[in-house]
Amino acid sequence: MNKNIKRIIALTLIVNATATILPTTMNKYLMEVQQVYAASYSPDDGQLKSIKVKTLDGKSLDLLDGYNGDKVKLSDETEYYIKQTDKSDGIKIDADVEGSDYVVKIFTSDKSDATAYDPGDKILIGKGDSTIYVRTYEDKSAFRKAKDVDKNVGNCEQEYRLNIRKTTESSFEDGDQDSIFLSKLDVSKGSISFLKEKSSYDLTVAKDVDHINVTAEPENSNDRVRINGAVVDSNDRYKKAIDLDEGKNDIKIKVTDSKDNQRTYTLTVTRGDASNAQDNIYLDNITLDNGSIDFSKDTNSYTVDLDESVSKLKITAQPEDDNDVVTINGDQVKEKDDYQDKVSLEKGKNEIKVIVKDEVNDKERTYTLTVNRGKVQDTQNTDKDQEQTNGKKNGWVKTDAGYKYYDENGTEYKNKWLFDNEKKIYYYLNDSGVRQTDWFKVNNLWYLFDNNGVMLTGWQKNKEQWYMLDKTNGDMKTGWYKETAAVQEGDKTTNVEHTYYLNDDGSMRTGWLQLDNKWYYFDENGYMQKGWVVYANSKYYLDYDGAMVTGTKKIDDKEYKFTESGVLIL
């Protein structure tokens, strides 16, 4: 029996057994019972056993039963209120969960793909009311499954809601604009720490990045969003590709409602040499438990040679400002752990990225440690510098800008495809002669190259989105796409045809799509659906061509009626 139900029954029995007690005595008695009940909270596995909320300035904040309510303690209740009246820019939440393997993650949004924070992380809060979601998971694998497989971080063991009312503006807020907001602002290159109240962001990308995809979703789906003057909506996932000039690029995102309230967000993207265009944010020191480096905060790259017997390396990366976030190979290191992490080393060359980030001001600096364990072997023979006896360069040559290719006459390749006959793979050398990686447009067609510059083909996942690249030529596909796949059932193999739709930016469509005044639905695998579909507790019918049915339709000799929105009328 549920623990709460047991307590309620027990309390009911006590009250019935004492029905003859005078009202004043009864009130006093009930108050005593409530105090005993609160004090007897004993969490089950997956429930929080403690939670503490503090401002970024270290002030403790109480849990309340309403914004103007009484102070309460953690109990079986899953919703609490917090009032923050100081000028601190945010909060930190420390929470422990009952159960040895259970983990806690914290979210600032109820969206299925919301970003997870760990207990103790800095969470920025703007003026007004907001909700923080504290969720528990059975273990780390359960969280990864919810995030990466289910695509819904709300699939958790237990969820707690902290409703926060901040009565003062934070330093990052722009209070001069109208009270209308985006719910999401994201970029395909680099990252920004989006807060709906913050209207200005800075981002630096490498010189070879000639475009960036910007996604800007409004809080209210009825609001209109423009990115550099062009309207974006749910049909294109509020996304637009923006070409970048070298140097600074100001991208304006405007959200407007029906009453002409408006807010403008400015994204300043600097396209340049990422290694030389880093922000003025620094580590105080980097130390190693094996080997040593001559650390200088302005020097971003270091090389360390270690004996082959060293399989793990402890790295300490102390920030200049304790409010900054430090990650080592993507894993955050914290002050309570002395900003340390132990990294496993492969034999040969290991590249370790240490990043320090100021989330409030969107500043970031990357330090790169190249750790050579034992004798370093060149993993790509084609990438060795080659000098012929006549002094001419030949083949692949590594430069500060990247890998370049020279033919037998020493002529450098530029704006040219290169086919490796031995490996049967393509490369592309851009106008600087550098071997291209990532997305790149050639003759108005988009191609995707891996980190070694190899042109990719077929289905490829990039930035959490799926793309179809021509299986022969490698160019990115858009629009309708059909593919036949062999499905094995026992000893029988059946060919099944699937229909997909690829958005203008090439990403695979899922969910609803309106096209030529018709609605289509694609499942999480991108397959266009036909027949009956249940969505958001409503039933729809999709015709033989995938188009949603409205009005009256005879299906299997039975007549059905549907609304203009396609919902079956029961």
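Cβ atoms are placed via backbone N, Cα and C, with glycine included.
Per TrEMBL, these features apply:
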type	residues	note
DOMAIN	182-271	domain 'Cadherin-like beta-sandwich-like'
DOMAIN	284-373	domain 'Cadherin-like beta-sandwich-like'
REGION	371-393	region 'Disordered'
REPEAT	436-455	repeat 'Cell wall-binding'
REPEAT	509-528	repeat 'Cell wall-binding'
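Residues 151, 235, 466, 498-503, 535, 540, 542, 546-548, 566 of the same chain lie 6+ residues outside the repeat 'Cell wall-binding' (509-528) yet bring a C-beta within less than 8 angstroms of a C-beta in it. Remark: secondary structure over the domain 'Cadherin-like beta-sandwich-like' (284-373) totals 3 helix, 53 strand, 34 coil, with classes taken from DSSP.
Assigned with DSSP, the residues of the repeat 'Cell wall-binding' (436-455) fall into helix, strand and coil as follows: 0 helix, 11 strand, 9 coil.
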